[in-house]
Every structure is written in C-alpha cells, then in structure tokens.
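So that you can see what the record holds, here are the features copied from TrEMBL:
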BINDING   A87, G88, L89, V209, G349, G350, S351, G352, V353, T354  FAD binding site
BINDING   T228  D-serine binding site
BINDING   Y269, R324, G350  D-dopa binding site
DOMAIN    41-365  domain 'FAD dependent oxidoreductase'
SIGNAL    1-20  signal peptide
Amino acid sequence: TNLLNLVGCALLCAVHCCYALTDFITDKLKFFQLNLRKMQIAVIGGGVSGISSAIQILEYLKSTGSPVAVTVLSEAFSPNTTGDGSAGLWGPYLLGGTPTERVHRWSKQMHDFLEQIWLSDDAGEAGVCLIPCLRLTTTAMDNEVFWKDIVYGCRQLTQRQLDELNVGRANKYTQGMHFITYTSEPVKLLPYLMKRFQANGGKIVQQKVENLQEFIAKSNYDVIINCTGLGSRECVQDVGMFPVRGQVTRVKANWLYCALLDESDVGNYIIPNCESVVLGGTHQENDNNTQVCPNDKKFIINGCRKIVPGLEHAQHLFDWVGLRPGRDTLRLEAEKGGNKIVIHNYGHGGSGVTLAWGCAEDVLELLKNELQARHLNVPKSKL
C-alpha cells in the first residue's frame, strides 16, 4: 500500500510538473512569437495626451529597428476634442493632489518641447506662441509657485506696477507676478501632432471603446494605452473621475498681446491666441452641462471688460463649453498582471496641454519596463 501511495504521489507530481512546464513553454512561445512579428500597440484616446503618447512610442520603437504598428483609436479627433476649445496656455491647473514633483517634471518636459517647436519652422503650423503673462489677485496669492523656474523671467510685481494696473478699478489688485511662457492652441497643435504621427506610419481609427476590458479580451493588440480622459468613468469604471465644466467666449481683439489671469476667488482670464482672444472662464466641478449658460457668459464678458475696458468694442465670435477630466490625482501607471501590457494615462484636469509631452515620456518608460519584465527586450534607440 505504501508503495502504491508513493507511486501515486510521484505520478501526481509528474502531472503537475508537466502542466507547469507546458504553461512555461506556452508563455515563452508567446514572447518568442511577439519578438518575431510586428508588435501591435493601441492608444485609446485622440486628445493631446493620447497623440503625444502614440508619437513617443512609435518614434522610439522605430528608432530601435523594432517592428511595430501603433494605432490611435478614438470616438473623436480634432477639431472635436475637449482640448480644441481651450486657449492652450501653459500652466499646471486643476490637478488635485497629484504630487508636485511629478507635475513639475511633466510640466517642464512639455515647456521644453514647446520651446523646441517655437525655435523651429513649425511654430506657426503648430500654433505655438511666446506670450507675456500677468497673474493678478485682489485677495492673496502664493508668489512662490513651484513652476517659477520653468517659465521665463518670473518676478513679483512692484507696488508701482500694481498702482498703474489699479487706475480706475474699484476692486484693487493686491499682488501680482509677471512671466513669459507659451500658448499652444490645441486646434492647431493636435493636427500638427497627428500629421507627425501619421508621417511615421501611425494609424488613426475612429472608434469608441466603451469597455476597456472587453476591448483587451477581443482585440489582437499586445499593448493598450488608455488615454480616454473623462471617458474613463465608463471605459474603466473609474468612479473617481468627474467633469470640471469650462465655458469660454472668443472675441476678435488683435491688439491684445499679453495674457491676464485674475487669480481671485471668482477671477477671470484673458488669453490671446493667433486669430482670436479667449475670455474665461468657469471651473464647475460635477457639472455635465455642455450647453452655453447665459449667466456664465455674462460673468465672463463683464468680468473681462473690468480687467480690460477696451474689450467692450471687441467683436464677439463664439462661445464654447467643454468638460475637463477631473480626478483627485492624475493616473499614470501600468496595470499589474495580465498577458497584455496595459498603461493608464488620464485625469489631467485643466492641464492636458501643459502635461501631455511629459506624461507621454513616462508612458514610454513604463512600456520599456513592462517589455523588459516580460523578457521582450527592445534594442536601444539609434538616435
């Protein structure tokens, strides 16, 4: 009986070993096959975060000689994304509790990227402009902002400068700062980035992904990058996502060359773009209304005219409403487990344009790490 038990145990162990060996061989075969064939990568989301991630992944992998196909899938592309209606002024905004050191790094990487474009022949096509900014308040303001070393010439306004700005104002400015940074109008930047992506062989597919897990299970993609913004509420059932409603008015005022940002509790802002000036704005959390609100329009126009009285004579062009992707903290991480690589990059609040290129760099680094963890070593870039 003991002998039979020993034999039975030995056979059972052998069977388990065979199963384990089979699983091991199957996984290795998958890795081997993936190394031999073209890697299929899907980026879900056609906004500035998605397109930036797609560009960096495609350009890096192509530079290594790795066979790769990158596809951006989205329900909407420019000029119909949330970002297209924004002024595109660089500046971290509405990011909740996202760690400051990460926001600083991402913001600087984007600022450096915009500087490269501005110094090139592509600035006009990409809608990138250098712009002086005045940040003012009638209450209190933190002058030691964490991003002051990124922008150019950031300094606190003197009392004499504040006095000049306060002439004719009933509600006086008490503090302010001046700096120079960039605007990158998404309505121009997005087509420019999409052109760059497609010129390198990237594919664009108009398709709404309603459930990411179902998409992962049914698709043939090896890597999925989730950049669905507010859509992540449904796409990945992220209950932490919430809309931050923004309404703006655009006017014709070509004589304005400086951005004016009132940081008071109910402050307005005025941001010149290439062909119009953006007057703003609202930041209403958990408001899903995408229709123009007459009361908000009145608040915007009257508030901006108090800052610059000459706007009374500016030609009204149109009003616009968009829902920013709010979240307590921006989500940028790789999912643990699973046969496919899944990376999330969403929850950028009002800072999509400000963080896009920096976050995309982190997406690429996460992808490299995941490939190495799966023993799918990618050669180093030849650039």
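Yeah, the Cβs are placed from backbone N, Cα and C, and that goes for glycine too.
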So what pLDDT does the domain 'FAD dependent oxidoreductase' (41-365) average out to?
96
Cα within 10 Å of R324 (D-dopa binding site): which of the binding-site residues A87, L89, T228, V353 qualify?
none
Would you say which of the binding-site residues T228, S351 has the most Cβ atoms within 10 Å of its own Cβ?
T228
If you measure A87 (FAD binding site) to T228 (D-serine binding site) at Cα, how many Å is it?
21
Cβ within 8 Å of the D-dopa site's Cβ centroid: which residues qualify beyond Y269, R324, G350?
S86, Y93, L94, V244, G246, G280, G281, H283, G349
Quick one: of the binding-site residues L89, T228, G349, V353, which has its CA closest to the CA of Y269 (D-dopa binding site)?
L89
